[in-house]
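Notes follow once the structure below has been shown.
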Amino acid sequence: MTWTSLVASLALTAAISGVANAAATIPAKHLCPDGKNSASNPKCCALFPVLEDIQANMFGDSGCGDAAHAILRVAFHDAIGFSQHNPKFGTGADGSMFIFGETEIGYDANLGIADAFNLEAPFIEKHRGAIGVGDFIQFAAAVGLTKCPGVLQPPFLLGRVDAKFPAPDGTVPEAFQSAQTILARMADAGLTAADTVALLASHSIAGADDVDPDAAGVPFDSTPSLFDTQFYLETLLIGNKTLGGSQNKGEEDTPIKGELRLQSDFALARDPATACLWQGNVNNQAKMAQAFQKSFYKMQSLGQNVAKMTDCSEVIPAAAKLSAAQAQAFFPPTLTSKDVQQVCKSPFPHLPTKPGPAESIQSIVQDPKTQGSCDDNGTDCILPPA
């Protein structure tokens, strides 16, 4: 089957079978004070003004762009400041990344988080009486995810206890670390190897701003505006080009011009502990999206007492849909199964090659709202007192 006929066939199948089903809704029970929204739990009503504000003024019409990417990244960096065995490692998804921004944002692993602070801080300050810092970080990330076609409805629990002290340096895995080092850090926080691979689906809608000092918004796959499985495929391809012609710390050769590959992604895609988990996501959109949804819930709950929190997932808007044609993984132009560096012994999916000459992937347009007084070294990354 040719590429064109395959895409047309998949689109027709989706139209007939209704693959993109509407997200289930929870029957409303309480009319909120605004007189227009309802929620199963009245505590969730406080989120609607926050949602309306960030939808219009923080995200705007940027879609699955720089703002959504930056906000999702800080959600993980904040939450992973936690250990099941060492209470000094932080209290998880607690807002410490911003509450103690002058300390934590200055850590090497958090280079670039200043962008998210500059973007989110005005809204955190504006809505501080309605929502805590830890809650805001995770709420904004969940809302941002819905901008990216392919995501299943993100969960959101309200009621995190904000941080009383900063997480120490070293809690966030780094791009130059080995697979085993990263998996050990994740396990210490309560996340399995399967969770680690699942959460890295976030890299399907991400880009690097600081790995290459001469480039910003360099995507990790060729479809950075889609939450699809292309990332898992492209990290398995043999690399032969490096952006800018040099290899920076934490960077591996990539098979596509304009794309950046992290050493950590390269390692996890090939490590015996994770190789089959990784390969299992290739061209399996449903599996990837379901695994991410489950692991995202675990991540955003780290360090918190879920029993004391309120499920406000119904406030999160409906997620953008991915068509069957968009969900079809493909080899980039000129590449085939011969370019796969396979470690897992399971059969590799049969995939088409996108027609045309070799591509050059465009960088992600940077959101001007990420610029502000907060600097990458932590200077002026200060929230006003609650």
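The chain as shown is numbered from 1 upward.
Just so you know, glycine gets a Cβ as well, placed from its N, Cα and C.
In TrEMBL, annotation is done automatically, which means it is predicted and not curated.
Annotation comment: TrEMBL describes 1-22 as signal peptide. Annotation comment: TrEMBL describes CYS32-CYS45, CYS44-CYS312, CYS64-CYS148, CYS276-CYS344 as disulfide bond. Taken from TrEMBL, the feature site 'Transition state stabilizer' applies to ARG73. Sequence annotations record features per position, and here TrEMBL assigns active site, proton acceptor to HIS77. Summarising the annotation, TrEMBL assigns heme b binding site to HIS203.
Structure with TrEMBL features highlighted.
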| residue | record | DSSP (3 states) |
| --- | --- | --- |
| CYS44 | disulfide bond | helix |
| CYS64 | disulfide bond | coil |
| ARG73 | site 'Transition state stabilizer' | helix |
| CYS148 | disulfide bond | coil |
| HIS203 | heme b binding site | helix |
| CYS276 | disulfide bond | helix |
| CYS312 | disulfide bond | coil |
| CYS344 | disulfide bond | coil |
Determine, using Cα-Cα distances only, which of these recorded positions is closest to the residue listed as 'heme b binding site': CYS45, ARG73, CYS148, CYS312, CYS344.
ARG73
I need the nearest neighbour of CYS32 (disulfide bond) among the disulfide-bonded residues CYS64, CYS148, CYS312, CYS344, using C-alpha distances.
CYS312
C-alpha of CYS312 (disulfide bond) to C-alpha of CYS45 (disulfide bond): distance in Å?
9
Counting distance between Cα atoms, which of the recorded positions CYS44, CYS45, ARG73 is nearest CYS148 (disulfide bond)?
ARG73
Far apart in sequence but close in space: which same-chain residues, 6 or more away, have a Cβ under 8 Å from the residue listed as 'active site, proton acceptor'?
MET97, ALA109, ASN110, ILE113, VAL172
Out of CYS44, CYS344, which of the disulfide-bonded residues has the smallest number of neighbouring Cβ atoms within 10 Å?
CYS344
Can you grab the distance from CYS344 (disulfide bond) over to ARG73 (site 'Transition state stabilizer')? Cα atoms, rounded to a whole Å.
28
Pop the Cα-Cα gap between CYS64 (disulfide bond) and CYS45 (disulfide bond) into the table, whole Å please.
26
Rank the disulfide-bonded residues CYS45, CYS276, CYS312 by how many other Cβ atoms lie within 10 Å of each Cβ and give me the one with the fewest.
CYS276
